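Working notes for the structure below.
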């Protein structure tokens, strides 16, 4: 008996377990231990070791219990099936989930740990009848058969193939004509206006217009949220309201940012002036600016000509507001105005 022992890669590290399995298998099959060959299943699956086809009577798969969870590749079952003889047995630690793969390869699954390769050849059984029955049947059959008289000359046959071809051609022409009529675009075809299907001859609607039911609650209140398959337009209204709300928020935020920037610039300018006044920095004007401001310069007069008379006669924007009256041509110092400018 040709026997093969397939080993899991982790079981190879335990030589004692392998030898014990070989002894048990030899005792079970009643064969010599030397008749049992062994290979690692990974090498068989990758093709490094080739098995002889239809050679083994028994193939045993030895693996640790935890290997029962992981399925073997389908290629392994195909190789094992080809290596077994008819009625050969494959058993061992076979994953239960691999039963379908085994059936697809041709195995008969007898149990979770035993598969059998069925025999593809069946015995031929010849069916014979008794000799006496055959004779009686044949004689009776001969008596029942009628006899016909042979005619002296065979009847003449006429060739009707040409008529059949003519009929077939006429039938084909009729079929082609009927098909072409269906696809023919004739100007006589009447085109129906879709509006006429909705209105009568008087122009009135044939039936009431079906308005989609609004997404309203029984008590008359509006729903907080439109239905998933809303058809009354509530979903579009909600989207428009949301877009308007987002636009308003964006506008407010932009205005706030603009005002904040302007306010920050004013604060920075105010702080700069305050710091300059603390450090005693004097505001200096160019000659043209002094000429425009100081109306006491000879040959220059104010717009109203009353700057030297006092605040009662000075304009609202006069730079001499708050100063006492002075004589025309008198030198006026405006250094005190540095903090206000």
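Glycine too: its Cβ is placed from the backbone N, Cα and C atoms.
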The annotated motif 'Cx2C motif 2' range in Swiss-Prot, which must be one of 315-318, 319-322, 323-326: 315-318
Whole-number mean of pLDDT values that fall within the motif 'Cx2C motif 1' (304-307): 70
Fewest other C-beta atoms within 10 angstroms, as judged across 232, 307, 318, which are the binding-site residues: 232
Residue with minimal Cβ packing [other Cβ atoms within 10 Å] among the binding-site residues 227, 230: 227
